[in-house]
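Read through the structure below, which is laid out as structure tokens, and then see the notes.
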Amino acid sequence: MAASELYTKFARVWIPDPEEVWKSAELLKDYKPGDKVLLLHLEEGKDLEYRLDPKTSELPHLRNPDILVGENDLTALSYLHEPAVLHNLRVRFIDSKLIYTYCGIVLVAINPYEQLPIYGEDIINAYSGQNMGDMDPHIFAVAEEAYKQMARDERNQSIIVSGESGAGKTVSAKYAMRYFATVSGSASEANVEEKVLASNPIMESIGNAKTTRNDNSSRFGKYIEIGFDKRYRIIGANMRTYLLEKSRVVFQAEEERNYHIFYQLCASAKLPEFKMLRLGNADSFHYTKQGGSPMIEGVDDAKEMAHTRQACTLLGISESYQMGIFRILAGILHLGNVGFASRDSDSCTIPPKHEPLIIFCDLMGVDYEEMCHWLCHRKLATATETYIKPISKLQATNARDALAKHIYAKLFNWIVGHVNQALHSAVKQHSFIGVLDIYGFETFEINSFEQFCINYANEKLQQQFNMHVFKLEQEEYMKEQIPWTLIDFYDNQPCINLIESKLGILDLLDEECKMPKGTDDTWAQKLYNTHLNKCALFEKPRMSNKAFIIKHFADKVEYQCEGFLEKNKDTVFEEQIKVLKSSKFKMLPELFQDDEKAISPTSATSSGRTPLTRVPVKPTKGRPGQTAKEHKKTVGLQFRNSLHLLMETLNATTPHYVRCIKPNDFKFPFTFDEKRAVQQLRACGVLETIRISAAGFPSRWTYQEFFSRYRVLMKQKDVLGDRKQTCQNVLEKLILDKDKYQFGKTKIFFRAGQVAYLEKLRADKLRAACIRIQKTIRGWLLRKRYLCMQRAAITVQRYVRGYQARCYAKFLRRTKAATTIQKYWRMYVVRRKYKIRRAATIVLQSYLRGYLARNRYRKILREHKAVIIQKRVRGWLARTHYKRTMKAIIYLQCCFRRMMAKRELKKLKIEARSVERYKKLHIGMENKIMQLQRKVDEQNKDYKCLMEKLTNLEGVYNSETEKLRNDVERLQLSEEEAKVATGRVLSLQEEIAKLRKDLEQTRSEKKSIEERADKYKQETEQLVSNLKEENTLLKQEKETLNHLMVEQAKEMTETMERKLVEETKQLELDLNDERLRYQNLLNEFSRLEERYDDLKEEMTLMLNVPKPGHKRTDSTHSSNESEYTFSSEFAETEDIAPRTEEPTEKKVPLDMSLFLKLQKRVTELGQEKQLMQDELDRKEEQVLRSKAKGGERPQIRGAELGYESLKRQELESENKKLKNELNELRKALSEKSAPEVNAPGAPAYRVLMEQLTAVSEELDVRKEEVLILRSQLVSQKEAIQPKDDKNTMTDSTILLEDVQKMKDKGEIAQAYIGLKETNRLLESQLQSQKRSHENEAEALRGEIQSLKEENNRQQQLLAQNLQLPPEARIEASLQHEITRLTNENLDLMEQLEKQDKTVRKLKKQLKVFAKKIGELEVGQMENISPGQIIDEPIRPVNIPRKGKDFQGMLEYKREDEQKLVKNLILELKPRGVAVNLISGLPAYILFMCVRHADYLDDDQKVRSLLTSTINSIKKVLKKRGDDFETVSFWLSNTCRFLHCLKQYSGEEGFMKHNTSRQNEHCLTNFDLAEYRQVLSDLAIQIYQQLVRVLENILQPMIVSGMLEHETIQGVSGVKPTGLRKRTSSIADEGTYTLDSILRQLNSFHSVMCQHGMDPELIKQVVKQMFYIVGAITLNNLLLRKDMCSWSKGMQIRYNVSQLEEWLRDKNLMNSGAKETLEPLIQAAQLLQVKKKTDDDAEAICSMCNALTTAQIVKVLNLYTPVNEFEERVSVSFIRTIQVRLRDRKDSPQLLMDAKHIFPVTFPFNPSSLALETIQIPASLGLGFIARV
């Protein structure tokens, strides 16, 4: 069909827009050929008349159907053009948050400016091994494709990463290298992948800088070759760099920085090791402050410096070299601060003692004067003379900057060289993958030499890219055998010729650089003369003579000629370099070793420093003028040569392209600027790829997919059995132009737009069918609805009319009744009102009259009381006046009497003074005295009588007074009562009158009260009835409340049970976590063991050491010994000496055990020697003290002390000797790691045996010496007794004589022997008593401690109980008592069990001993039997016994152990054993052998057998670890062996299910609990290996069977994609289906059942298998946009139901396997539910509790409708989901950990099989073992 036919009404198109680049619009009417205007409707609601170009009449680009928007591959779009590409990228980037998109063979990566969780190890594992087209676009997919193609095609690969600065090139390259490092691993002993990754921080610090476009912009290009060996493991890497931006060292634009390393140095200046560099803030250096932006937000330069140093250390750059690098970098910074002062216009100088220059010279180790001179001067050389010429300040500054740039460039190259040296490998490189991180096409306002080189490189890369794309397109057409014509594509060879051909731009530039007076202007004129108007790609700007324009493949670029020559020459003065070469700093001359001799036009040197000096030059011995003619290569030439080498490398590899796009210039996250994106798409070749694809057949369908999609366009008669012929017939009818499509072998190829046309036909057909279906259904529904409404209306009318008639009759009855009721009611109301008013009036009257009477009474009473008060007051006033008057009279009398008394006193005093008065008075005084005396006596008597009378009278008076007072009070009370009675009488009279009146009123009110009572009675009855009803309701409510309480109690019980279950689950989770950590450690340990073995093998191969056959390596020995060797509790240390005499054919583990025991014995000897030494020291102190007291015994004491010191020295020398011998032994054992070292006869073995013999002999000698020394100490104690000074010499002499006599007679030896025996006996008794006392003391201490703890607990409990209420206190005390009794009961039970075990063990030993005694008795009887001939040998004959009672043991000889292990483990075929014999037979045989060794009490035999068994199982699994049947077999047997060790261990917990006969088979001598733990660890390792095996088998099936295969045919509609799949990296091994997975699961299950694996263990394996299936399926679903659809959700749900059915068939529903599929089930449900409203969001949040928030959002973002009738998930709905899930606490991880292994447990499963019934089949080849 014609293209114009697609421009119909409602068709959507793209029109150009100055702001948005392209804008979408919709046609309002059909387009007809010849129309000049299109009526469009824009998306913002405006109408537009779009005028077509009259010259070309080109129609606007058509927009793709919405179903195609958001495709993974841009070439899958039906319409391939710029607006479609731009829109698709924008939708994926903004709406779906997807930064990667394919464009044919190109991966387009848009920088999100945000950290995304899509680069973790789980994502790497998900992409590993997958086809590139099967997964969503990702840098890991490109890396995986390169890695697989390298392995499949045996061809080197390249990944070319390009883009603008800030587009993310470096990050993409870094992630690609991380992918290779993760999936491949390294082949050498060092982690090469870590070194490759460690090179990134180093290169970023010295080669990256902050620019206005990027905070971490790479200012150089690099190509990293990652080398692989034949096994495709990383062995090394090599890096090439291109065009370092040296000018940044000395100059930075605004808001930019120098290289990161300078700022890292300044940030770390305060470190102690950096003090010598004398650095400071970055703002204090000229080379780091020009940009004005020394800090980067979010970046800590000090931490980055630490990372850089760590990376240097990892790459082998020593600390001294690192400090040398930092020293040179610091010198560059100080060099930038060197300033110049102008002396005149042609010369300059440096200030004296200039500090920056001094620091620079100190750091560089050069002479200050020389450097100062050559910074201000230069040499000019002629043929015979050399001139030293001063330079101006500007020239000196430029020379300083050139020197700084040159030093930095040399340092950069030196570091790159050392990095390459560190990454180099001695192993031969088999292949490599190169990662090219190169600058993209650049165009700025001012473009210079750097942009010219960058764009030149991009021209070369674009040419290579176009050729590769074109080649792939043509190869696809040829493969499908379709006719094709040559695709026209842009060839940029003319532009490359313009740059690099002879007389090209670079050639003219180099030629101009050779000219003595060449300038940028002359070079520009040569360009104009050579290329202007001769080359269509070269232009001259109109307004400039110093610029030129080149038409590159991406855009026109105008270059400014200024600076081209200088940058191309890269000139630096040789004299300055020579000064640096003469440095004392050794590292600095290394940087300039490769410099060419002619750095500047002059090469001679001179020491003169005059402003202009002519110096005669003697000709050198070499060729005259040689150095003057030599020139170094220009920068352009070097760059061109390196670029040619790069292109040769890339052309020899298979390229993979990554184009990085910068979405905006402001680094805003997920913000898309269409203008900038279009510029970069044009520049990076993406649109060229689209154009090449669109020129051919971009859309490709297989015949089956085309038939499935467009079956609706076919009639029944068109459908044939041959799908290919059917598709051809239909296409010929649908598309008349046969050039629009081609039929290939397996695919149909369509031109651009044809798929959209087919989609339009399909949509029209489906729309017409939908309209017809809707029309029919709507008519049927309306007709059905009308009939239903008619029947309903008639029925409603009938019921309504009847209802109206009944209502009218009821109305009449109610009206009549209402009239009668109203009559009686009105009468009743009026009568009631009258009665109420009358009663109220009477009540008011009564109350009013009573009120008036009471007022009158209160008035009279007040008047009466006022009179009484007046009376009392007047009497009181009169009495008061009388008392005051009497008081005044008495006072006057007193005053008068006092005056008279004073007068009389005065008179008496005067009389008393006269003598005559005394005389008169004395006359007759005596008689008077006598008389007066008598009178006094009489008066005293009278006085006494009167006093008695007075006392009596007072008593009488008091009693009378009291009576009178009482009478007065009684009278007063009577008076008051009388008054009250009088008032009461009056009031009673008034009340009587009042009561009479009230009585009358009461009688009148009685009637009304009776009436009210009747009414109240009625109301009460009504109230009672109401109360009864309320009571009934309350009873019902009570019952309801009781029921509610029961339910609440039940609910509380359920809640408590639920909480208990939750806590139990939490504890189980904690236990599983702990198990998982432990098993992960075991897994890591086994992995490290394997790695160690691999490394050791490689080391052996590298060192060419012949590997002896069947000998254990040292590593195996050490690991086995450390893991499995332990000392039995029944082994005794006295067995050491006999074991040393065993044959030398002992195994190495036994030798090592002897060595350990020997070392232990030496330690014991050392301790014993130390005790003896301490005792000797104490005795020596006692001797010294006694010597100080007794000075007359020096000779004897000196001799004794000398003897003791001599013995001590001998002991010390012997101890040193033992230590030396032990060290020699250790050295001999550790000198070599070869296996023969520990073999019998080896030097280490001989040394071991000799030392063992010597130590056993020394042991006896030392014991005797100990006894001798102790006896001497005893004799010394007896000798040192306080004696008299006189007898000292005599006693000592006698003592010496006695000793001499005893020596002569030989009695001393006998005394010594007796004393020694006595001391031994006493010593043993003392030691036993000491031990018993210590044990008793320890027991008492433990009891005291337990009592203290119990006391503390009781005190704490008492303190807690005192704070509780009484009920709780009682309950707490009871609880404590119960707990205490329970604990005591448990302790007693434990003691009882221990005693029972001891009794059983003793009984068994008794039986064994009794049997041995019986056998010995029988042997003795046979030996003494008559007729026996001793000399004649008799051949032994085996006589079988009839009905022998076997004990369930197998006897074997020690030398047959290796044969047993070989036949039973190493060479055993699991299939034959599992099919023909009982399950677990090897485990039973091994245990029966262990039982016999236990029966013999042979510790060594048990240890050797168990160690050999474990090592042999490991060896078998290492050899055949990929065979599921082998791993399953040995997992089953290992578990059975472990269960046997438990079942027959003799422990009570494992003997519950045993028979009495089985209990007799328990082990008697050894406790193998430690070996049970070792076997458990081994079983865990085997289980983990089993999981890895089944994962490797299942993994290729899962994605195909669970996702890709259509189990329900016809449900999934094929999307109209372009089907531009990448070439599969994995060979097509056939399509797996769900049935394949189920068959494999059946195979696994049957094998495990045949091997007799425990049912619980089978459940755990099945659970792990289902987890792997669910995790891998979900991970692929989350990474594949094409799988996220409604129909795919139905397929997944059906597949999961089939897996559940399999679980039901195998009775494994309770294994927990179904729960592991819950995330997958919820993801399938999420694909099927509605996703529009808030209610849908709420339902999704509650439904998807097993999915994380990231997974839910990812699925919603990836959801893609299969056809256009479905709607996409809106962005607002996804945001609603995110808001609702914001508070959910789950992992931010996107993918499930497919490598996760659930912790495994081995529940005890005893066997009912009796050991004595087991027969050994002859097929096992175990004839050398015998049943016992």
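Backbone N, Cα and C atoms are what each Cβ position is placed from, and that goes for glycine too.
Over the coiled coil (914-1239), the average per-residue pLDDT in this prediction is 66. The annotation coiled coil is assigned in Swiss-Prot to 914-1239 (among others) on the grounds of sequence analysis.
Feature annotation from Swiss-Prot assigns coiled coil to 1314-1418 (among others); the stated evidence is sequence analysis.
Marked as compositional bias 'Basic and acidic residues' by Swiss-Prot: 1136-1147.
The feature domain 'Myosin motor' is assigned by Swiss-Prot to 69-763.
For the domain 'IQ 6' (885-914), DSSP puts the residue distribution at 29 helix, 0 strand, 1 coil. Taken from Swiss-Prot, the feature domain 'IQ 6' applies to 885-914, supported by sequence analysis.
As annotated by Swiss-Prot, N-acetylalanine applies to Ala2, with the evidence given as similarity to another entry.
The annotation phosphothreonine is assigned in Swiss-Prot to Thr1032 (among others). Close to Thr1032 (phosphothreonine) in the fold, though at least 6 residues off in sequence, lies no residue with a CB less than 8 Å from its CB.
The phosphothreonine annotation in Swiss-Prot covers Thr1733 (among others), and the record cites sequence analysis as its basis. Counting every protein chain shown, the Cβ of Thr1733 (phosphothreonine) has 11 other Cβ atoms within 10 Å. Under the DSSP three-state reduction, Thr1733 (phosphothreonine) is assigned to coil, being neither helix nor strand.
Swiss-Prot lists 599-633 (among others) with the feature region 'Disordered'.
The region 'Actin-binding' annotation in Swiss-Prot covers 643-665. Listed by sequence, the residues of this chain that lie at least six past the ends of the region 'Actin-binding' (643-665) yet keep a Cβ under 8 A from its Cβ atoms are 89, 93, 103, 105-113, 139, 142, 145-146, 149, 153, 155-169, 172, 176, 213, 223, 240, 242, 434, 436, 440, 456-457, 460-461, 464-465, 468, 671-673, 676-677, 680-681, 684-686.
Look at Swiss-Prot and you will find 1105-1147 (among others) tagged as region 'Disordered'.
Secondary structure at Thr1032 (phosphothreonine), taken from DSSP and collapsed to helix, strand or coil, is helix. Helix, strand and coil counts under DSSP for the region 'Actin-binding' (643-665) come to 9 helix, 8 strand, 6 coil.
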